[in-house]
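Some notes on the structure that comes next.
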Amino acid sequence: MIIQQSGSGLLDTGREILMNKSEKQLYAFFGLMLIATSIIAIYNNGLGNCLNGFLRLQWHSARLISDFTVIEGEGAALLNAVFMGTACLCLIKINSIKLSGPSIAAFMTVFGFSLFGKTPLNSFPIVLGVFLAARLAGKSFANYLLIALFGTALGPWTSFIIAESGISGVSGLFAAICAGILTGFLLPSVAIWMLRLHEGYNLYNIGLTSGFLGIFGASFLVAAKHDISMKIVWNYNPSLLFSLIVPLTSLLLIFAGLAIDGRKSFTGFLHLQKHSGRLPSDFITMTSSGAGLMNMGLLGLCGCILVLSAGSSFSGPVVGALLTVMGFGVFGKNFRNCWPVVTGVCLAAFLTGHSLAAPGPVLALLFGTTLAPLAGEFGFLTGITAGMVHFCLVMRTAQWHGGLSLYNNGLAGGLTATLIVAFIEWYKSFHTRYKPEINPLKAEMKN
């Protein structure tokens, strides 16, 4: 008995050491990625221009679609992303959150969206609001940290008050910070309830939450006679170096995955293709770090092929979307559950006469994979249907919230998933309810 306990203890200790080593390797990889991005930023525009542009971005409007690479240049946008990504990793580390599927997805999402909407100034008040909500609920901030990080999707709400409300100076800044704190304070309660609507089949759950809150925010602004009409700022001619960021990062992820776990990475990669991806699906815990990184890399390369095939450019929003898709490659997305949704989006765009090269459709092509769990759980026909419905809906939803929520596809995806899951659950309950009545009839007919 004593020997068995010792053996079990040694096994647990071994697993813990292996996990700690794996986590250190992940921190090292993402840390190097941030350093490399900083070098690219400075090389592109020079340190002085990057810093000045970064500071100006804090006071700029950030509503959809605001491509920071156009507004202040690629260098400033990349530096903004590095700052936000570094802050994100620090918060994860300080709060003792394991660097695995959910936290990596949050990091990559924040990093990517900092190219077209998120800044330190418009995001930190929201994080503070979530912190205060955690204190009121008597919970550790660590329990709500991922909500806080994903919840920075509502950063444009803070920026609107600073840049577009007409309230200037210190008064405008104070009002914006208060609005951001209030928004963050509301996020946890709403996010928990929203998850129940789609039952985990929309990976961007905070997208549904932020879109829901954004509709209220937009309504209040319109009632106050503010103009919330949207405009698109898009980089149609990105530099070659900026365009290569995602392909090179994807290749490095694949090589890093192989280096970490060797042949085990490939075996784990094949294994995770079998998972539906329904929330919460932490592919790193289910398989291994190496397998997760390989999946991220493959999704990144596939996404690049889609963008090039569509004839679109690697603008700030497109690169941000690709980084987000890659992040969810360890938290719900794999090749098997993504391709049906992508097919559905392409089919809907063709039938409705939309060019996939246009800003809205190309983002729907990438972000529409938020519905991947539907294909993973219910099959490719459901996935194709979900992609088609999502495309038709997402072309309208941004107007509902006036671009105040950056996760527009998360809102459309949440509504689409809710509709499809509701029908499937209704059908299953109906089928189960009447099956006992049908069987006796069949038996009677046989007699």
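Including glycine, each Cβ sits where the backbone N, Cα and C put it.
Whatever TrEMBL says is automated annotation, not expert-curated.
What you are looking at is a predicted structure, and each value in this text was computed from that prediction instead of being measured.
These come from TrEMBL:
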- 26-43: transmembrane segment (TRANSMEM)
- 75-92: transmembrane segment (TRANSMEM)
- 122-138: transmembrane segment (TRANSMEM)
- 145-167: transmembrane segment (TRANSMEM)
- 173-195: transmembrane segment (TRANSMEM)
- 202-224: transmembrane segment (TRANSMEM)
- 244-262: transmembrane segment (TRANSMEM)
- 283-308: transmembrane segment (TRANSMEM)
- 314-331: transmembrane segment (TRANSMEM)
- 338-357: transmembrane segment (TRANSMEM)
- 363-394: transmembrane segment (TRANSMEM)
- 406-427: transmembrane segment (TRANSMEM)
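Under 8 Å from some Cβ of the transmembrane segment (145-167) lie the Cβ atoms of residues 59-64, 66, 88, 91-92, 95, 97, 102-103, 106-107, 109-110, 113, 117-119, 121-123, 125-127, 130-131, 173, 175-177, 179-180, 183-184, 187-188, 191, 205-207, 209-210, 213-214, 217, 221, 226, 403-407, 410, all in the same chain and six or more residues away from its ends.
Sequence-distant residue pairs (6 or more apart) of the transmembrane segment (363-394) and the transmembrane segment (314-331) include at least 3 whose Cβ atoms are under 8 Å, placing the two stretches in contact. Count of Cβ pairs under 8 Å against the transmembrane segment (75-92): among 26-43, 283-308, 314-331, 406-427, the largest is for 26-43. Ranked by Cβ pairs under 8 Å to the transmembrane segment (314-331), the stretches 173-195, 202-224, 244-262, 283-308, 338-357 are led by 283-308. Most Cβ pairs under 8 Å to the transmembrane segment (202-224), among the stretches 26-43, 173-195, 244-262, 283-308, 338-357, belong to 173-195. Across 173-195, 244-262, 283-308, 338-357, the stretch most heavily in contact with the transmembrane segment (26-43), judged by Cβ pairs under 8 Å, is 244-262. Beyond the transmembrane segment (244-262), the same-chain residues lying 6 or more positions past its ends with a Cβ under 8 Å from any Cβ of the stretch are 22, 25, 29, 33, 37, 40, 268-269, 288-294, 296-301, 303-304, 314, 319, 322-323, 326. Away from its own ends, the transmembrane segment (283-308) comes close to residues 22, 25-26, 29, 100-101, 104, 246-247, 249-254, 256-262, 264-269, 271-272, 275, 314, 318, 321-323, 325-327, 329-335, 338, 342, 362, 365-366 of its chain (Cβ-Cβ under 8 Å, at least six residues beyond either end).
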